[in-house]
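Single-structure report; data block below.
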Amino acid sequence: MKTLYLIGFMGSGKSTVGDWLKQKSARFHLDTDQMIVDQYGEIASIFKAEGESVFRSYETEMLARVPERNYVISTGGGIVERKENHMLMKNNGLIIFLDTSFAEVLTRLGEDVSRPLWGQADHARYNLYKRRYPVYRSLADMTVHTDQKTPDIIAADIMERLPQSYV
Ligand code: S3P
């Protein structure tokens, strides 16, 4: 079974949906953010001490490491910032975009301080969302709307729509 990659903005539920999808699709689950924390420490500290660009290199390193078969991979919202990440995902599996409205992201994240790029003014957050949205859309093999849906329902939606070769 080929690997499934979950992409989407911060707060779109990639980690929780990945956990449900792991059970429903009988795959293993890895989260690139968690892999980075395990190897390099807290994300906020990496941003502060080494900068975003180093964090992006760690992301690519993790993505290159995940198996092409039998996994669900939850990515960080900024995985689309590097073109080489697009290729790594496109060439190795199915890309699923968790499409969450900005209003819903605002409600879900509130004033979360663990995400460095969320700790900006509202207009800067929205600009980031607007800039990335078309990139998620164009990369996705499947787009799933997530507003007002629970993670288990989203995972069930994905399972129903998986192409036969990925089941
Ligand atoms: C980021 C999203 C975060 C994390 C880091 C940067 C981003 O992951 O990778 O804070 O650039 O959007 P989540 O999407 O899981 O919040």
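Every residue gets a Cβ built from N, Cα and C, even glycine.
Owing to the predicted nature of the structure, the values given are computational and were not obtained by experimental measurement.
Within its own chain, Ser15 (ATP binding site) has Asp31, Asp33, Gln34, Ser74 as residues 6 or more apart in sequence whose C-beta sits under 8 angstroms from its own. The ATP binding site feature in TrEMBL is assigned to Gly11, Ser12, Gly13, Lys14, Ser15, Thr16, Arg115.
Ser15 (ATP binding site) falls within a helix when secondary structure is assigned with DSSP. The Mg(2+) binding site annotation in TrEMBL covers Ser15.
According to TrEMBL, the feature substrate binding site maps to Asp33, Arg56, Gly77, Arg132. Using a 10 Å Cβ-Cβ cutoff, Asp33 (substrate binding site) registers 20 neighbours.
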Inquiry  = Taking only C-alpha atoms and a 10 A limit, tell me which of Arg56, Gly77, Arg132 are near Ser12 (ATP binding site). These are the binding-site residues.
reply    = Gly77
Note = Taking only the CA atoms, the spacing between Lys14 (ATP binding site) and Gly77 (substrate binding site), expressed in whole angstrom, is 9
Ask   = For substrate, with binders Asp33, Arg56, Gly77, Arg132, what's the maximum Cα separation in whole Å?
value = 18
Task = Could you round the CA separation between Gly13 (ATP binding site) and Arg132 (substrate binding site) to a whole angstrom and send it over?
result = 16
Request  = List the other residues in this chain whose Cβ sits within 8 Å of the Cβ centroid of the ATP site residues Gly11, Ser12, Gly13, Lys14, Ser15, Thr16, Arg115, in sequence order.
outcome  = Gly8, Met10, Val17, Ser74, Gly77, Leu98, Arg108
